[in-house]
Amino acid sequence: MGRGKIEIKKIENATNRQVTYSKRRNGLFKKAQELTVLCDAKVSLIMFSSTGKFHEFLSPNISTKGFFDLYQKTTGIDLWNSHYERMEENYRRLKEINKKLRREIRQRMGGDLNELNIKELQALEAKMDSSLLAIRERKYHVIKTQTDKHKKKVRNLEERHANLVMDLEAKLDGQDGIVETGGYYESTMGLLPNGASNLYALRLYQNQQPPLVLHDGTNDLRLA
């Protein structure tokens, strides 16, 4: 029993459409290869799927350029000249754009102004004002970003300093150099790093005024 006749129309289901394309493409390539071998024919197939994927078959006895040269010779259509003309036209267009951009750059730097009329000068002035505004906005943004960054660093350093001071005070409270009367030994000064620690010891001395009392018979000798 033979298969039913398939109606030739677009397959709406994307998956089925892709499967059918893949199967029939392989069948076409197989037929083209058989035609090349059996008949010594020069065959070229170029295919693009609905998704834009490129597939190509070319007989092994000819190159792509040779195939198109043969096509031009047979049909009398010069493919390369038309392509060259399009490239020339595109080149001229890009060259003119580049020329205009270079002239505009020179004008913004104060050159090539003699040929401009009053309207063109006013337009150039408006463009430069707009550019200057954008530059200032960018500059202020950079300054603000750097300022915020440095402020954050300062806050971090202040927090680290406060933590170090608290740790130092905790260590000083446990040192043997501090006597019960609230005074301190001079050797404590040697335990404190840099001048900041010495200032801390000096603050203890000035705030607490600890007397060191030496008993010598009936006389009291106070060292303040």
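Count begins at 1; order follows the chain as displayed.
Placement of Cβ uses the backbone N, Cα and C atoms for every residue, glycine included.
Checking TrEMBL for coiled coil across the ranges 77-107, 139-169 points to 77-107. Beyond the coiled coil (77-107), the same-chain residues lying 6 or more positions past its ends with a Cβ under 8 Å from any Cβ of the stretch are 68, 71, 113, 116, 124. When DSSP labels each residue, the domain 'MADS-box' (1-61) comes out as 26 helix, 10 strand, 25 coil, counted as helix, strand and coil in that order.
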